[in-house]
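A short worksheet on the structure shown next.
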Amino acid sequence: MATLLRIDSSASGDNSKSRQLADAFVAQWVAKNPEGKVVTRDVNANPLPHFTSETLGALFTQEEDRTAEQQAIVAIGDELIEELEAADVVAISAPIYNFSIPSTLKSYFDYVARAGRTFKYTETGPVGLVNKDAYVFSASGSFLENTPYDHQLPYVKTFLNFIGLTVKDSFVAGGQAMGPDGEKAFTDAKEKIAAAV
Ligand SMILES: Cc1cc2nc3c(=O)[nH]c(=O)nc-3n(C[C@H](O)[C@H](O)[C@H](O)COP(=O)(O)O)c2cc1C
């Protein structure tokens with residue numbers, strides 16, 4: 001049974017355009033995989049703590065020496081990594097906030113990037129260990145894609161690739177604060193999803 005892990009991060013709930021794009025993708029994936037399972041990780045509804053010195057300290061303490069608090073910290077990342085490893089395909093929806101991803105999604109990335117588990121360093125450089133496909137759904141107020149101001153999609157692709165995921169496709173609704181041009185961008189992105197899945 002195939003499993004799709006869906007990760008949402010917009011703070012705008014049902015009004016979120018990036019979530020609506022992911023909705024369209026998931027609906028089509030379910031139609032093609034009627035036996036499939038969809039797991040949703042909403043980092044806005046259930047935000048993760050920031051990665052702090054406590055987090056780093058817990059990870060660098062030997063398992064048998066960890067306090068109960070440190071065990072709880074490490075368990076957060078363990079659960080996220082196990083969930084990610086168990087998926088066959090990953091769909092990430094993200095708005096552009098201040099030229100990049102929401103900090104809630106950044107926290108998620110901070111927890112799932114774990115040396116020796118999701119990536120490793122080799123003599124020829126880092127190698128990702130989570131081998132699966134990913135799709136990214138993005139929305140922004142202005143049109144930033146392929147401009148020097150887009151630090152979201154290139155960053156998300158770089159990060160996912162670093163831990164071994166292959167971004168098969170991305171769907172971008174720019175211009176959401178720009179009236180009809182934004183509406184067209186959203187419609188175009190939905191049509192691209194229909195054609196891609
Ligand atoms: C906190 C915040 C920061 C934002 N920063 C940007 C930005 O840097 N560039 C931009 O084009 N739009 C920006 N926007 C607009 C959002 O990207 C836009 O509303 C988009 O539709 C949000 O995605 P969503 O509909 O999935 O929530 C920002 C919105 C918020 C709430």
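A Cβ is built for glycine as well, from the same backbone N, Cα and C atoms used for every other residue.
Where the annotation comes from TrEMBL, it is an automatic prediction and has not been curated.
As given in TrEMBL:
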- 3-195: domain 'Flavodoxin-like fold' (DOMAIN)
- Ser10, Ser16, Lys17, Ser18: FMN binding site (BINDING)
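Feature annotations (TrEMBL) mapped to structure.
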residue	record	Cβ within 10 Å
Ser10	FMN binding site	25
Ser16	FMN binding site	22
Lys17	FMN binding site	24
Ser18	FMN binding site	28
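Cβ atoms within 8 Å of the centroid of the Cβ atoms of Ser10, Ser16, Lys17, Ser18 (the FMN site) belong to the same-chain residues Asp8, Ser12, Asn15, Arg19, Gln20, Leu21, Ser93, Ala94, Pro95, Phe137, Ala139, site residues excluded. Classification of Ser16 (FMN binding site) by DSSP places it in coil, neither helical nor stranded.
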